[in-house]
Structure formats: C-alpha cells, structure tokens
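Colleague: Per TrEMBL, transmembrane segment is recorded for A:16-40, A:60-87, A:94-114, A:148-168, A:189-211, A:244-262, A:295-318, A:338-356, A:368-393, A:413-432, A:521-542. Look at TrEMBL and you will find A:59-261, A:334-539 tagged as domain 'ABC transmembrane type-1'.
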Amino acid sequence: MSFRQIKAYIKRNLNGWWIVSILGAAVILLPILFVFLSIFETPSEHWAHIKEYLVKDYVIETLTLTFITAITTTLLGVSLAWFVTVFDFPGRKILRWALVLPLAVPPYIGAYTYSTMFSYTGVVQVTLRNWGFHPSQDWISLTSMRGAVVVFTLFLYPYVYLVTRSFLERQSASYIENARLLGRNGMSIFFWVAMPICRPAIVGGLSLVVFEVLSDYGVTQYFGLQTVTTAIFKTWFGMYDVNSAMRLAAWLMVILAGFFLIERVLRRHRKYSASTSKSKPLQPIKLGSVKGTAVLLFGMVVLAAAFAVPILQLIVWATWTYQDVWNDQFMFFIGRTLYTAAVSTVIIMLLSLIVGSATRSRSWGSALLSRTVIAGYSIPGAIIAIGVLGVFLSLDQVYGEVYRLLGGKGTPVVLSLTAAMLIFGYVIRFMATGYNAVEVGFEKTGTRYSEASRLLGRSRLYTFWRVDLPLIKGAVLSGCILTFVEICKELPLALLLRPFDFETLSTRTYQYANNEQIHEAAIPSLLIIGISFISVYVLHYLDKRWET
Amino acid sequence: MSVVDIDQLEFSYDRKSKPVIQKLCLNIEQGEIVGIVGSSGNGKSTLLRLIAGLEVPSAGVIRINDKTVNDKSTFIQPEHRGVGMVSQDYALFPHMNVASNIAFGLHRMPRKKRQERVQELMELIQLKGYEDRYPHELSGGQQQRVALARTMAPRPSVVLMDEPFSSLDAELKQSIRSELRDIVKAEGMTCLFVTHDQADVEDMSDRYIRLGQ
C-alpha cells in the first residue's frame, strides 16, 4: 500500500464521529489498562503478607462459591424453563412471566432480608419456637457459604431460566417432537435431548450468573465470606493499600478470564441455532391434574421464596420504620441517586449513539471499536473502581503540578474527591447496556435509510438527526431506562468511588444493613426493587415485541 | 457527452476472497437508459453501490460528468457525487409523509421553489393528493413511484435503480415499466438499472449489458 493510498484511506474513513469514538474508547480502556499495568509495579510491603497467607484462601473460597452457585442456578433455572415450555398446566402463562420477577431484587437486599428473617429474633425462628421446635443455630443460620449459595440461587436463577426458556420455545420443537415419536418420554427427553441442545443457552445464562457472583460485594461481605472482591475492599479501606488492591483486582481478572475461556470451550463446535431457518413454536403437553398441580406448586414455592416473601417482609419492616427513615435527608439521597444516574445515563447514551453511528459499516476497525467501548460490562465493579481511582489519582498529581507551575496558591480542586470519579466508573461499567440497545436499533433499521439520505445530498450529522435518531428512538429510550435502572441499584462502584459523605439509595441500604438497622434498610430496598421492576418490565415488553 | 465513465473497476469484499467485479469498463451517455442484467451474486447491485460511493473499489476509476469521484487517491463522499439511487426496498423514510420524502433532497432550494418542484413531481408520478400520506399507506407501485420522484427531485446526474421491479407482482410490473421509462425520459435523466429479468431490460432500457456468465 503506497503512502498516497494510506492517505486516501484515512481521508475516506476518518471523520468527527470516528475521532470522538476512538477518544471515548481510549478513555474507557484507560482504567482497565491501569489495573493490568499494576502487576509490573513494585509491590507494597503488605503484598508479600497478602500473597503468602491470604490470596490462596480468597481464590479457593471464590471458586467454591461460584462453582456451587453455578450448579444450583442451573438446576433451578433449567427445570423451571423446562416445565413452563414443555408442559401445559393451570397458571402456566402467569408463572412463565412471573418467574422472571426475582431479577428485580438485587441479591444484597435478599441477603439482608433473609438473614434477618432466619436470625434468632427473625420471623422464622420465632414461629418455629411458637410451634415448639428449637432448631440448632448452626443449622438454621444463613450467614455462611450455604446461605450465600441459597441467596444467589434464588435471585440469580432467572438469568438461566430466561435464556433457556427462550431457546426451548424457539428452537427445540422438532427435536422434542421427534424424540417423542421415537418413543422417548419426559425425563428421558429432558436429559438426552433438551439438556444437550440447550447447552450453549445454559452456558450463556450461567456466564451472567458467574459474573454476578464474582463481582458481588453486598452478599459475600454480609455473610462474612472471604472472596477476592471482599479482599479488594478490605485492602483498600482496611489497609489503605491501593497498590495491593490493584494486584488483587488483576487476580480477579485472571479468574474471570478463566471462566470466559471455559465458556468458549463449552460452546465450541456447538451451533446456537437450528440448521434450518424453519423453526416452529413448541406445542406444550397437557399435564393431568395431579402432575399439573405439583408443577404449579413447585413454581409458586420458588416464586414465593425469591420474590413474594422477601417483598412482604420488607413492606412490614417499612411500615415500622418509615417515620424515622422518610425525612428530608432521605429525599436528598433519592434526588442525588436519580441525578447521578441521569447524568451518567446521558453521557452513556450520547457516546453510544456516536460510536453506534461510526461503527455501522462492516470493518475490523468498527468491530474492534464497538467491542472496546463495552469492555467494562464484563469487568466487575471493584476492578473498574480500582482502575478509575488509579487514573484519577494520577490526574490529580499532574493537575496539582500544572496548578503550581501556573503559580496557583493553596490546594487545587482534587478530582478524586468529586462525584466525577463515580460517574466515570458508571459510564465504563454500564456503557454496554446503552450501547447494545443502540446497536440493536441500528441493526433493525439497517443502513438503507441513511444511505438514501446521504445520496440525496444530506450530511452525516443531518442524516443522524433527521433520519437515524427518529427511527431508533424506541431503542434509545429502552437503552436509557435499562441503563438508568442498572446505575440506581449498583453497589460496589458506588461504595468505592463515592466522595466523602455522598450517599445513594444502594449505599444507604448497605449502611443501614451493616449498622444492624435492617428494618430501616427496608424503605431504600423497596425503592431499589421498584426501580429494578421497571427494567424487568422493559425487558419483558421488548421480548414480547421481538416475538411479534 | 458521457455522464458515467468507469474504467478497469475491481471490487472484492476482502483481500482473500475472489473479486466480485473484475476489470469492468462502462460508459453511459447523457439521457440514456442502460440496463444491466445477470443472475444474482455477480455484482450487479455492488456496481451501483460503487458508483454511488457506498462501497469502495479495490482498483479502477469512476468518473461522473468528467469529474473523477474515485481512483487511487480520490474518494468523493456519496452526498457530494450528485448521484441518485432507488434501492430495492425503496427506503422511503417511514416517519415522513410523501411530500417530505420527496422534498428531503431539496434543501439547497428556496422554500417556494421546493414546493413547486414537489408538486411538479407529484403530477409526474400521478400521485397528486397523496402528499400527506405516509409510506405504509401506499401500494407497492405507488411507493416505487414516490421513491423515484424523491431520487429525481434534486436532478442528479444519474439515477441508479437496484432491481426496481423485484417487489411488484407480474401484472403491475408490465405497466410500471413503461410508466417509469416515461417519467425518466420526461425529466431527461440518465439512468442505470440492474435486474435479473431479461423482460425488464427489453421493455425499459435503450441498451443493455449482460454481467457475468
């Protein structure tokens, strides 16, 4: 390629949209690189101690928790998906939709609620004692690995359930029908046909569960587990050793990369879709009254445990404490949560629209750019927080020096003490939620309208405002709602990156729960669940629209 | 005078794959209607996209009205080529009515002249009174005429049409062919269209070229 050709290529492809997109991607990648580069720095004095005595235990406990939760969520999610797609029984339609509801309850809220309900003074033990039972505390207490597994399973199974259900409904009809014609019955079809063909879908849903468990701080910290994520917090807040926290974050990234590698291997040579495009919906088999009632009961018990019971308990606690909690200061926290989420969402959606527009052509550059801007979604909040902090501390150093060079007196504004750091963290972490919605919108409309507009002499910017944006406004709106909700309920990033005395709904819930003021935590928890419910509804609405 | 002049044009989707278009030369004179016929997959639509500037050729030169729009060092963006294109699915903006669709490319005209031009085209395509309708409220044939009017409105140097009759039923096709030819001729436009149907080129074009085997 001659110099003239390279110049022509750059001239052809480089425009304002690309420049902004590349800058955005670079900024997003910066904190992640910061964490990686920390491995090559000289370790702090604490690191030798952490490495020798603690890392091994942290890694083992993290892996054990993740592994057991993966098995239990698979069992629960797949069996529920199987029942509501393959069989017809009274209440199936309601159950099919309602089983997604536990997604609206963040696991850390479930953890506080259940551990209090099962504590010595909680409703479960009091009731049992009233009935004359005196269970052992070791057996009934949830503050253990067992409790964490139960909580994660109850509130994360919908990920596996949703993906598997969708796969079974759309792709499995002919396989299951043929298996039945070949003389196989329910259980045999489940293990020999459904499970193997659903494997890629199950692995897909499971990878979301694994990611949630690895990034969790609320549940594991409350139940006293020693995971790598809790260790990052301890090193940061307990030892004030950012360098070691970064090294731990790098370790967590290694574990995460390992899980993604396993996911790839498990999906290898497996096709996600059927070999023919003609897929017809599965006709459910009608169950007899006994079997039908048993299946309905099973679904309802799960739904009660994962949604109705904790919500009812929270409502009861809320009635006890709302006079103390619902005051001007609390309204201020709500306003601050909504304001921070709104600012972050606007930045995310603007950047998503710019990158989405720039990367509509099929090229390796577009693919690379779009993957880079969403990199934050597959990285736990704690790692992003550490990276962001590293970047801001360096920025403060540079800024301070420039400030002094320019003759500034006194202390310059310290960027790492402002909410900008938290907003930056949110943008990196939730860029994918907004970007994916925009990308789906662009994919659905295709390039024909923009091409028509440009051939009629209109500029890229005009085409974007008058043609692209009106056509994808639905996708942009759903992206806005999903991103906003995700930010409102986020905990680890908010805990690590918030400025001094800065509270959001999630950090307030955490504070109450950690101060053993569980009843006071009910109102912020219910508000978070209410906001999360919006995202579950939006997802359900989008799913229905795509079906039609 | 030649309006479109293509010399040794080549195109492939990536370096490893076989070129879709190889050393193609083509010359279209002012006011001519030229048809390109061939089976699917031999680069007919790609050729139109290359002329429009929606794809970048791997080699060759494209000149429009004696101005080089594409060679080794030049690439004129689609909006500056003065080329109009009617795509296979018409791509009428679904959120704009018929009049706004037709007026879309007339942004450099004063408002009064723009309205006159829209009316002139509405008459030409025999859809007067349909100005406020939205694309989904029109039949397939009506949509196609609107798409053609929108493309011709800014008076481009050349109108490109990608399989203009593929989504019409056989009966409608017959009448639309002669209608389209009359409209293009009435405006004195130069037109290049691609089709897989021999009858289309025989009915509509002044001359035609067969691409591929």
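Cβ atoms are placed via backbone N, Cα and C, with glycine included.
Unlike curated entries, TrEMBL annotations are predicted automatically.
Values in this document were obtained by computation on a predicted structure and should not be read as measured data.
Could you give the neighbours, burial and distances for every feature on this list?
Modeller: For the transmembrane segment (A:60-87), the residues of the chain that approach it from at least six positions outside its boundaries are 95-96, 99, 145, 148-149, 152-153, 156-162, 164-165, 168-169, 172, 176, 186, 190, 194-195, 198, 202, 205-206, 209-210, 213-214, 220, 225-229, 252, 255, 259, 282, 284-287, 291-292, 295, 298-299, 302, judged by C-beta separation under 8 angstroms.
Remote same-chain partners of the transmembrane segment (A:94-114), defined as residues 6 or more beyond its termini with a Cβ less than 8 Å from a stretch Cβ, comprise 80, 84, 142, 147-148, 150-152, 154-159, 161-162, 165, 212, 216-219, 222-223, 296, 299-300, 302-303, 306-307, 310-311, 313-314, 489, 491, 506, 509-510, 513, 518, 521, 525, 528-529, 532-533, 535-536, 539-540.
Within the chain, the transmembrane segment (A:368-393) has long-range Cβ neighbours (under 8 A, six or more residues past its boundaries) at 21-22, 24-25, 28-35, 38, 211, 214-215, 217, 229, 232-233, 236, 242, 245-246, 249, 252-253, 256, 260, 351-352, 355-356, 358-359, 415-416, 421, 424-425, 428-433, 435-436, 439, 490-493, 496-497.
With a cut-off of 8 Å between Cβ atoms, the residues of this chain six or more beyond the transmembrane segment (A:413-432) that come close are 28, 31-32, 340-341, 343-344, 347-348, 351-352, 373-374, 376-377, 379, 381, 384-385, 388-389, 392-393, 395-396, 399, 483, 486-487, 490, 493-494, 496-500, 502.
Tertiary neighbourhood of the transmembrane segment (A:521-542): same-chain residues 97, 100-101, 103-106, 109, 112-113, 311, 314-315, 317-318, 320-322, 325-326, 330, 333-334, 478, 481-482, 485-486, 488-489, 505-506, 508-509, 512-513, selected by CB-CB distance under 8 Å and a gap of 6+ residues from either end.
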Colleague: Can you work out whether the transmembrane segment (A:295-318) touches the transmembrane segment (A:148-168), with the criterion being 3+ CB pairs under 8 Å where the paired residues are 6 or more apart along the chain?
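Modeller: Touching, yes - the transmembrane segment (A:295-318) and the transmembrane segment (A:148-168) meet the threshold of 3 or more Cβ pairs under 8 Å.
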Colleague: Can you tell me which parts of the same chain pack against the transmembrane segment (A:338-356), counting only residues 6+ beyond its ends and a CB-CB cutoff under 8 A?
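Modeller: Non-local partners: 17, 20-21, 24-25, 369-370, 373, 419, 422-423, 426-427, 430-431, 433-435, 437-439, 441-442, 464, 469, 476, 479-480, 483-484, 487-488, 504.
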Colleague: Can you tell me which parts of the same chain pack against the transmembrane segment (A:189-211), counting only residues 6+ beyond its ends and a CB-CB cutoff under 8 A?
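Modeller: Distant Cβ neighbours of the transmembrane segment (A:189-211) are 66, 69-70, 73-74, 77-78, 82, 86, 152, 156-157, 159-164, 166-168, 171-172, 175-176, 179-180, 256, 259-260, 263, 266-267, 270-272, 378, 380.
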Colleague: Could you pull out which residues elsewhere in the chain have a CB under 8 Å from any CB of the transmembrane segment (A:16-40), counting only those six or more residues past its ends?
Modeller: 243, 246-247, 249-250, 253, 351, 354-355, 357-359, 369, 372-373, 375-376, 379, 383-384, 386-388, 390-391, 427-428, 431, 460
Colleague: Apart from its near flanks, which chain residues at least 6 from the ends of the transmembrane segment (A:244-262) lie with a Cβ under 8 angstroms of it?
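Modeller: Sequence-remote neighbours of the transmembrane segment (A:244-262) are 34-36, 38-39, 43-44, 46-47, 50, 55, 58-59, 62-63, 66, 207, 210-211, 214, 228-229, 231-232, 235-236, 378-380, 382-383, 386-387, 390.
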